[in-house]
Amino acid sequence: MKLTHLLTSAALALGLATTAVAQDKTKVGFIYVGPIGDGGWTYEHDKGRLAIEEHFGDQVETVYQESVPEGADAERAITQMALQGADLIFTTSFGFMEPTVAVAEKFPNVKFEHATGYKTLPNLSTYSARFYEGRAVQGHIAGKMTKSNIVGYIASFPIPEVIRGINAAYLHAKKVNPEIEFKIIWAYTWFDPAKEADAATALIEQGADVILQHTDSTAPQAAAEKAGNVITFGQASDMAEYKPLPRVSSIIDNWSPYYIARTQAVIDGTWESQQVWQGIDKGMVEIGEITDAVPADVKDEALALKQAMAEGEYHPFTGPINRQDGSAWLAEGEVADDGTLLGMDFYVEGISGQIPN
Amino acid sequence: MLKLEKRPQPSRLWTWVTPLLAVVITMLAGGALFAALGKDPVEAIATIFWQPLFGEFAFYYRPQLLIKGAPLILIAIGLSLGFRAGIWNIGAEGQYIVGALTGAGVGLAFYPTESVLIFPLMVLAGALGGWAWAMIPAVLKLRFGTNEILVSLMLVYVAEQLLAAMALGPMKNPEGMGFPGSRNLRQYESAHNAELITGTGMHWGVVAAFIAVIFAYVLLTRHSLGYHIRLTGQAPRAARFAGVRPARLVLVCLGTAGALAGLAGMFEVSGPAGQVSIDFNVGYGFTAIIVAFLGRLHPLGILLAGLLMALTYIGGEIAQSNMGLPAAAIQLFQGMLLFFLLAVDVLTNYRIRLARREVA
């Protein structure tokens, strides 16, 4: 048992050593949960990869694997990249957390970066974006624009990130439109155009004239365009092809600055494990162009809200806010702490329905 | 002019040659596909078939072949019994999920007690879970004459919802900060389906797959039940005269397939996957259908087909990562395998004759 174990580690080390010598380029790997052409989440991560290539040129080589299932297959995909001599590996979905941890433990000399998770190691960082800041802007526009007072929300999985987005959007819609009602459909997928289109259609049939989505395809945009008089927002990517209607704005994840900075850190030998959560201020979250379909005053308010968050003057979760059951969460003027936000598993007051479990 | 002539009996030779022929044609067509994508076809095919076995990092990939192949083989063996008798269980994916849930459920229920009895109990629970899920289409078929293809397939979607509910609810890791997914069973020694010999990929699921192959071989060649299964598939009327009770056969075939799929799920969740998560299932139950047919519904054939399928998965991943081939191209490549197998199958039952054009 011991001997074989030693042999394996030796072989692993050898594999690493030979590849490390064979190349002087820094190799950066990406593990994607969807296809790079999804037009949303993975598409933006891949734009970050291309930005690395453009920024560093011949200094850096990038590799990627798309549509990697979350689970045992991910572990092999990540291991395979580490074996092939990657110096830095980004795993870009929450479901890659356990596999990334398992591989990172086996390859202490390779640096790992896991998006949206919470487990770290000396050679494993986590990074995520404060998408909820973008949701606040969306909520504001949605609350102002809706005529039926019903906002449809295509949610993916009931994890804190998604729940946080629903809460942020709801709070800011409610602020400008007390009559607002949210209808939420859980699609249990990050990317499935057929399911997303079905969900959008169902929400529109229930009277929603605004569709917010936490899934990555443009199918809901297409469904809204077909239905007419429904507005949507680009998710993860600008989804500009649906401008000016139904898409009136978008949340864009801009990973490029972060990816370039972390690659630079590996090249310089200054990389350290960290937990990063950046928002509009650092440019990781961008608000896509607000089209002319939105009245000028609403657009100005939305941009002011964005500006206030960028400058740190305003936090989307500022009290008084109660939980769904009516119990107090944040007192007047109190701002939510990151710990609670990161583990958020409750709706705020006013949202009907249950978080599935 | 070419003419197809039905053989009096399916050709034994072609039965075994067609899978190989299908592999070769797939390589050619796949090579053309890769070339059309602007990649070197020879390098791509070599990457897929050579790298995992003999490449630089084969020491890592060879064990992975077992890990990836074992659930496919285990499930395909179970399916093949039913397929031979004309009982179409399409829902192995669901039975796989439920087996994983019941198996993991037992393990999680005992957390953090350490005992050597926990793992055997989980194995039992996994098999029972899969069996019970397969009994639903079986009983419905016998009582109400429902179609087992539809019912077993529909139950896959039910099982997926059940899986999501478990990962988000009762089985959610209490220390997971509200994130979905159970505790990691790999960090719970009594429930961990660990490698039996480090670095070999050999875990209990692989052992179970090999046992299933041997068991199925003996059953089909030596046991009267195996004879009944074969007979029912070949000549249902004759089987009835021979005293085969169709109802019993439905229960046995679906039950065995379910139990084996459940076992596969249980070994996967406690080993390679490690946790109950929303996306736990990745289609083994469906791919196993291809494996069963590629292996000619024969235990040894299935063993080889399962390993071949695992090879295309792992080699395909390497080709993706090293050569930048799109994932869809690899899936297409795998799909071609079944497509060409079905296409060349015609040679088993027909022979090609040169026929002279008749003058009208």
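All positions are counted from 1 along the displayed chain.
Glycine is treated like the rest: Cβ placed from N, Cα and C.
Nobody curates TrEMBL annotations by hand; they come from automatic prediction.
The feature transmembrane segment is assigned by TrEMBL to B:13-37, B:67-87, B:94-111, B:117-140, B:149-169, B:202-220, B:249-267, B:273-294, B:301-319, B:325-347.
Same-chain neighbours of the transmembrane segment (B:325-347): 4, 11, 14, 17-19, 21-23, 25-26, 29-30, 33-34, 37, 39, 44, 48, 290, 293-294, 309, 312-313, 316-317, 319, counting only residues six or more beyond its ends whose CB sits under 8 Å from a CB of the stretch.
Counting residues 6+ beyond its ends, the transmembrane segment (B:149-169) has Cβ neighbours under 8 Å at 88-95, 97-98, 100-101, 105, 133-134, 136-137, 140-141, 180-182, 254, 276-278, 280-281, 285 in the same chain. Taking Cβ pairs closer than 8 Å, the transmembrane segment (B:67-87) reaches residues 96, 148, 201, 203, 205-206, 208-209, 212-213, 216, 219-220, 228-230, 232-233, 236, 249-250, 252-254, 256-261, 263-265, 267-268, 271-272, 284-285, 287-289, 291-293, 295, 297-299, 302-303, 305-307, 309-310, 313-314 in its own chain, all 6 or more past its ends. Counting Cβ pairs under 8 Å to the transmembrane segment (B:94-111), the stretch among B:117-140, B:202-220, B:249-267 with the most such contacts is B:117-140. Listed by sequence, the residues of this chain that lie at least six past the ends of the transmembrane segment (B:117-140) yet keep a Cβ under 8 A from its Cβ atoms are 89, 91, 94-96, 98-107, 110, 146, 148, 151-152, 155, 159, 190-193, 204, 250-251, 254-255, 257-263, 265-267, 270.
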